[in-house]
Amino acid sequence: MSPVAFSSSDDQLPLGEYLFRRIRSLGIGSIFGVPGDFNLGLLEHLYSVQGLKWVGCCNELNSAYSADGYARMSGKLGVVVTTFGVGELSAINGISGAFAEYVPVLHIVGTTPTIFKADGRFTHHLVTDKSVLHAADHYSYENMVGAVSCCAETITHADEAYQKIDHVLSEILYHKRPGYLFVPIDLADSLVDSTSLLTTPGEMFYERPIDPNPSQTLKIATLILDKIYHSSNPCILADVFTDRFDMTETVREFVKSTQIPNFASMMGKGILDETENSYVGSYNGNESNQAIIDWIDSSDLLIHIGDYDNEINSGHDSIHSGLNEIITLNHERIRVCSEIFTDVNFVYVLPAMLALLEKAKIPETITDNWPIDKILMNHPTPVPTPHVSQTDLFYSLQEFLRPNDVLVCDTGSFMFAIPDLVFPQGVKYIGQQFYLSIGYALPATLGVGKALQDMGFESRLILVEGDGAAQMTIQEFGNYIQEGISPTVLLLNNSGYTVERIIKGPERTYNDIVPHWQWCDLFRVFGDYTETKSSSVKVKSQKDLSLALNSIQSGKINMVEVIMDKMDCPWRFIKMTANSKSKV
């Protein structure tokens, strides 16, 4: 389709075109969303921007999940566009998850015209006041987003548009959390100042501000290093904020330089290079393997980098229990044992530590004879089942993984086996491990796949999806076909909500899902009626599973429906459930 012609000049562009050009300048190639009458005029301007593609999703929630996946994979920004009321509200769960897990997503909402807002006109998609005698509040939805966004801007006049657009983008990228931009439909074509596209190029939005307190940074970096030098058995725990605030390479370099034994948190899986000799395994407090717990307990100094203290990620508040010497570092606070500093940021302290590091002062650590087998630490034997067991699946996936794979796992039973996997070099893991909204991973995989395309990467994409979760967001299988996304999909058919059955009501009907879906026929339903773009197979044994994984066809969607027992669950979740019940 040819670009639509709109008025413009050397220093002015239509608001909609400015917005999409600014997004493109940030290295974004795909935008997700659903059209609606209050965003159509805005979307027209997308076609004037070369290199930017619209990915129309089946609903707004899926769009938000896709934008989240795009942001996590690209390391940039995810963008979702919805319409006033019915669209934006459908997306808010996905935006909430991105907020909880520190994922930068821009949610653009096309809203009612400015004159309608001023008049309080009763417009479709609007909830009226409790009394029909009162004017309608067109800002009622906008007032809802404060708790799930780091910034929300409403454009009310064209002359303020570019500042508000640039501001919300800057805030999103700085805080690594979602932001909102509300654009009245009557302003989409209005001319706005576009000179900032030249004076402030997109790459500047990613630049880290100058350290506001370099002397304090130096002081704390020196203090932490001194603690390490005087310890006898230190260890490092890498956590999720390391990834979110672009510190992964710095932490990896520090680990490689010091060879201090290192562990990954639940949410920090994949941050460390797990092929390094100094990598031991995953630690999540008393919900960890006992050998890992013993290792941590024997340490006299835990350096917890990028810590995110929440229920799931802290082993229900047990991750630091029993430890005397603890250092925690994140973007808001650094704690060095009993001292707490809130005027520094670990994005400055970590590079300073690396620059000041004196390797000769690092305590000797014997890496050749560690008592822990990091490949498979006391993993239980398979449960008696005529189907594929969780342990069977674990072994098969461990064998299947290759360097630079991207693994996406939905909320469900197998998510709690992921920490025991040892990733080959370069494997990226994506999962919503704190917010835990089931159904997230299937549309997020669409976003991940589009990010891989836009970045020119050829990584294999693997999705582990439960049957219950899949029924939430299944429609985006159609977009896998439409957009040329070719993941290997391990569809775990365990007849419903296994996680919930373990918690309560193992035989209750509320933990059942709609039965007897013909999963292996779904890609035909969603558009691959000639079966040239997908291949599907059902497996009931580990032998068949291994055979299926060894027969994966490159360039196709490969669906492997894995029949599993409805009460089979990884040991880690069993331990977590017992732990959480003890705290109620």
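Backbone N, Cα and C atoms are what each Cβ position is placed from, and that goes for glycine too.
Among the features that TrEMBL reports, domain 'Thiamine pyrophosphate enzyme N-terminal TPP-binding' is placed at 15-118.
What TrEMBL lists as domain 'Thiamine pyrophosphate enzyme central' is 224-347.
What TrEMBL lists as domain 'Thiamine pyrophosphate enzyme TPP-binding' is 425-503.
Residues annotated as Mg(2+) binding site in TrEMBL: Asp467, Asn494, Gly496. In this structure, Asn494 (Mg(2+) binding site) belongs to neither helix nor strand by DSSP; it is coil. Within its own chain, Asn494 (Mg(2+) binding site) has Ser413, Gly466, Asp467, Met564, Asp565, Lys566, Asp568 as residues 6 or more apart in sequence whose C-beta sits under 8 angstroms from its own.
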* **Average pLDDT across the domain 'Thiamine pyrophosphate enzyme TPP-binding' (425-503), rounded to a whole number** => 98
* Asked: Counting every protein chain present, what is the number of Cβ atoms, excluding its own, within 10 Å of the Cβ of Asp467 (Mg(2+) binding site)?
  -> 24
* Structure fact -> Across the domain 'Thiamine pyrophosphate enzyme central' (224-347), DSSP yields 33 helix, 29 strand, 62 coil
* **Residues near Gly496 (Mg(2+) binding site) in space but at least six apart in sequence (CB under 8 A)** => Asp467, Gly468, Asn511, Asp512, Ile513, Lys566
* With DSSP, how much of the domain 'Thiamine pyrophosphate enzyme N-terminal TPP-binding' (15-118) is helix, how much strand and how much coil, in residues? -> 55 helix, 21 strand, 28 coil
